Amino acid sequence: MSTFRLALIQLQVSSIKSDNITRACSLVREAAKQGANIVSLPECFNSPYGTNYFPEYAEKIPGESTKKLSEVAKENSIYLIGGSIPEEDDGKLYNTCAVFGPDGNLLVKHRKIHLFDIDVPGKITFQESKTLSPGDSFSTFDTPYCRVGLGICYDMRFAELAQIYARRGCQLLVYPGAFNMTTGPAHWELLQRARAVDNQVYVATASPARDEKASYVAWGHSTVVDPWGQVLTKAGTEETILYSDIDLKKLSEIRQQIPILKQKRADLYSVESKKP
């Protein structure tokens with residue numbers, strides 16, 4: 001199949017985990033009714049974003065949140081990218097995205113590789129590494145439509161990850177992410193367009209809706225960018241479902257017109273992956 005419908009759920013996240021899960025599943029069902037084949041939730045869809053919240057909201061996989069995601073994926077026969085949740089495993093915490101297939105089975109689990117440790121004086125200081133551990137693996141999954149590569153938020157800043165995914169046959173990269181009011185206006189769309197053009201892939205980002213009262217205010221603006229670098233659709237700041245019909249014929253045409261993937265100079269440079 002050369003076309004499919006992608007849905008990004010820009011969820012308004014509250015401090016009540018059960019409400020977040022229930023609302024997320026409701027919006028997933030709505031997206032499926034509108035013909036979505038692949039649906040993505042945002043980063044930290046079941047909890048507020050913050051190092052003080054991660055230990056409190058963390059759960060094992062499978063657990064409360066992922067069991068519900070499995071059920072709703074199977075109920076609606078869709079591929080569901082479960083945004084991310086704080087995951088507890090063997091005494092460590094991770095920022096983890098679980099993906100479920102139309103049969104409800106877990107396809108892959110991506111743990112955020114690059115932790116969000118930044119300091120922009122006078123604007124924002126954040127250190128995920130205070131409570132989280134980094135993942136150490138690449139994460140892709142196959143659908144009847146295309147191969148999908150996964151990253152979470154800060155992972156998008158690292159071009160090497162996207163390059164490796166493209167080399168491994170991914171045609172769509174999905175980054176559940178929660179950029180903030182400093183980095184969002186500066187880099188959110190820029191990075192998506194860069195990753196799309198550099199690798200001639202579709203790039204999609206699913207953000208939480210903006211909550212001005214939250215301790216961490218998300219930028220919002222979930223987005224889909226095509227391999228030409230064109231923004232196909234972009235949300236505002238409120239809770240919504242963003243739809244985009246992905247055309248893989250267009251991707252093939254762009255790769256034929258500007259064949260950069262075949263023109264790379266492996267005799268001069270390379271991006272090396274140290275793990276499978």
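Even glycines carry a Cβ here, placed using N, Cα and C.
Quick look at what Swiss-Prot annotates:
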type     : residues : note
ACT_SITE : Glu43    : active site, proton acceptor
ACT_SITE : Lys112   : active site, proton donor
ACT_SITE : Cys153   : active site, nucleophile
DOMAIN   : 4-248    : domain 'CN hydrolase'
MOD_RES  : Ser26    : phosphoserine
MOD_RES  : Lys68    : N6-acetyllysine
MOD_RES  : Lys68    : N6-succinyllysine
MOD_RES  : Lys123   : N6-succinyllysine
MOD_RES  : Lys130   : N6-succinyllysine
Entries of Ser26, Lys68, Lys123, Lys130 which, being modified residues, have CA atoms within 10 angstroms of the residue listed as 'active site, proton donor': none
Same chain, 6+ residues apart, C-beta under 8 Å of the C-beta of Cys153 (active site, nucleophile), given in sequence order: Glu43, Asn95, Lys112, Phe116, Tyr175, Pro176, Gly177, Ala178, Phe179
Nearest-integer angstrom distance between the alpha carbons (Cα) of Lys68 (N6-acetyllysine) and the residue listed as 'phosphoserine': 11
Per-residue Cβ crowding (10 Å cut-off), top of recorded positions Lys68, Lys112, Lys130: Lys112
Spatial separation of Lys130 (N6-succinyllysine) from Ser26 (phosphoserine) - C-alpha basis, Å: 33
Set of same-chain residues at least 6 away whose C-beta sits under 8 angstroms from Lys123 (N6-succinyllysine): Thr182
